[in-house]
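According to Swiss-Prot, the features are:
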SIGNAL    1-14  signal peptide
BINDING   Gln49, His150, Asn193, Glu194, Tyr336, Glu408, Trp455, Glu462, Trp463, Phe471  beta-D-glucoside binding site
CARBOHYD  Asn77  N-linked glycosylation site
ACT_SITE  Glu194  active site, proton donor
DISULFID  Cys213-Cys220  disulfide bond
CARBOHYD  Asn219  N-linked glycosylation site
CARBOHYD  Asn360  N-linked glycosylation site
ACT_SITE  Glu408  active site, nucleophile
CARBOHYD  Asn416  N-linked glycosylation site
CARBOHYD  Asn424  N-linked glycosylation site
CARBOHYD  Asn448  N-linked glycosylation site
Amino acid sequence: MFLFLLLLSASRSGEESPSGDAVPLATGGLNRKSFPEGFLFGTATSAYQVEGETHQDGRGPSIWDAFVKIPGKIANNATAEITVDQYHRYKEDVDLMQNLNIDAYRFSISWSRIFPEGSGKINSNGVAYYNRLIDYLIEKGITPYANLYHYDLPLALEQKYQGLLSKQGRFCGLRRVLFQTFGDRVKNWMTFNEPRVVAALGYDNGIFAPGRCSEAFGNCTDGNSATEPYIVAHHLILAHAAAVQRYRQNYQEKQKGRVGILLDFVWFEPLTSSQADNDAAQRARDFHVGWFIHPIVYGEYPNTLQNIVKERLPKFTEEEVKMVKGSIDFVGINQYTTYFMSDPKISTTPKDLGYQQDWNVTFNFAKNGTPIGPRAHSEWLYNVPWGMYKALMYIEERYGNPTMILSENGMDDPGNITLTQGLNDTTRVKYYRDYLVQLKKAVDDGANLTGYFAWSLLDNFEWLSGYTSRFGIVYVDYKDLKRYPKMSALWFKQLLKRDQK
């Protein structure tokens, strides 16, 4: 009720709600003119979460196709075989974005849809699909942002070479084909989405594919949490840097594009003003976003990791340092939430070593009994807008103010809400408005931000949560896959009107 009254107190936009009634879509004083000229607003998805058609048209299986078949791994044992079927409904989804005044669409390309075996023979049907998607985006005036990898390694590479644990160059074949085939139209490339999540959740606690970890940290049949996350992260950094190097050498001059990487960044705020809690928060930042952006900017891992992980942390050769350092044209920051961090005051060395264990911190979601912010449906996601400002200014100050996009931001509702409940998502409207106010503040204070992407365009398959979590600004009825723009979608439409003064 409070949110509804808050919206009512502001000026009405004249837009129609999904139910047909006039609703207030107050933007908090924000509009396109609030941001620098050329600033892009987009939405984002990933191939595995929205495409469906996992076993047809020549696509090979990914590690997630195998992982979802393990009973109990995914809520309600859901799969992504159909999900929201963007493979067949991409025109409908692009038309939706155009109607909502969206500038750009960030999507990922399924590696196993291009190379069913991870390398070797190319699947022409997969290439044709992405050609159709890219061409239709451009036809409708929407800029494509293509991500080369979003968690979905071809299963064949996992089975033959131990996947990302192997320092093998098969990613080279993928990015070569993608740059050659789509680079005449795609000018914004990302190599990896959230490589930290890939390494940590896939190899430290094993709750993501391929499900590897030490026995002490999860229910895994194989793995080593003390070493494997660091090996995988190292290989991802090298693969990223090699892709950027090759693009710059062979394609950038002609295609006039750019390449970046997408990093998740929870802001970690010290619980108290004590030095111990400040140190804990900084350790968390170093092990989180610093794990990747520090070597990419400075050519080495943060001192925190070097001092704590020691011989378990792989080393870059001199040639690799030259390749890795400076290997971004821009960086995407995925920012959703903020936590308080405190020092656990543990002086003894733990019996079992692992990536998360190495942080040596305590997570806190409240201070003096007061929650850090309202919680969304997901238990990890709290609405803390000021954390976005601090995260962006941290990158600006600590890493030389690189060109940035805010590549993911959003909140979820329960999967079982009704259509009526889902469409009137006033909490999401408030979330986006509050976070964009903080993003504008960061821009005004000097952060070199060039775009913002809402997660997500559509309700979709949400990894471990299956279909029990809805992040979309467009409601999807999973029975017939019909799309219904939510109030948050209409809010963006109002925000992004192009005739505003």
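Any Cβ shown, glycine's included, is placed from N, Cα and C.
On the structure: features taken from Swiss-Prot.
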{"residue": "Gln49", "record": "beta-D-glucoside binding site", "Cβ within 10 Å": "24"}
{"residue": "Asn77", "record": "N-linked glycosylation site", "Cβ within 10 Å": "12"}
{"residue": "Glu194", "record": "active site, proton donor", "Cβ within 10 Å": "22"}
{"residue": "Asn219", "record": "N-linked glycosylation site", "Cβ within 10 Å": "13"}
{"residue": "Cys220", "record": "disulfide bond", "Cβ within 10 Å": "19"}
{"residue": "Tyr336", "record": "beta-D-glucoside binding site", "Cβ within 10 Å": "26"}
{"residue": "Asn360", "record": "N-linked glycosylation site", "Cβ within 10 Å": "18"}
{"residue": "Asn424", "record": "N-linked glycosylation site", "Cβ within 10 Å": "20"}
{"residue": "Asn448", "record": "N-linked glycosylation site", "Cβ within 10 Å": "17"}
{"residue": "Trp463", "record": "beta-D-glucoside binding site", "Cβ within 10 Å": "24"}
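The recorded positions under consideration are Asn193, Asn416. Their Cβ neighbour counts within 10 Å are lowest for Asn416. The CA atom of Asn219 (N-linked glycosylation site) is located 17 Å away from the CA atom of Trp463 (beta-D-glucoside binding site). When the Cα atoms are compared, the residue listed as 'active site, nucleophile' and Glu194 (active site, proton donor) turn out to be 10 Å apart. For Asn424 (N-linked glycosylation site), the nearest of the recorded positions Asn193, Glu194, Tyr336, Trp463 in terms of C-alpha separation is Tyr336.
Asn193 (beta-D-glucoside binding site) sits 20 Å from Asn448 (N-linked glycosylation site), taking the C-alpha atoms as the reference points. Taking only the Cα positions, the spacing between Asn77 (N-linked glycosylation site) and Gln49 (beta-D-glucoside binding site) is 15 angstrom. The Cβ of Trp455 (beta-D-glucoside binding site) lies under 8 Å from the Cβ of Thr43, Ala44, Asn334, Tyr336, Glu408, Asn409, Gly410, Phe471, each of which sits 6+ residues away along the same chain. When secondary structure is read from DSSP and collapsed to three states, Asn219 (N-linked glycosylation site) falls in the coil class. Ranking the recorded positions Cys220, Asn416, Asn448 by the distance of their Cα atoms from the Cα of Asn360 (N-linked glycosylation site) places Cys220 first. Under the three-state DSSP scheme, Glu408 (active site, nucleophile) falls in the strand class. Of all Cα pairs drawn from Gln49, His150, Asn193, Glu194, Tyr336, Glu408, Trp455, Glu462, Trp463, Phe471, which the record names as binding beta-D-glucoside, the longest spans 18 Å. For the recorded site, Cys213 (disulfide bond), the DSSP three-state label reads strand. Cys213 (disulfide bond) and Trp463 (beta-D-glucoside binding site) have their C-alpha atoms 18 Å apart, to the nearest angstrom. Of the recorded residues, the residue listed as 'active site, proton donor' and Asn416 (N-linked glycosylation site) place their C-alpha atoms 28 Å from one another.
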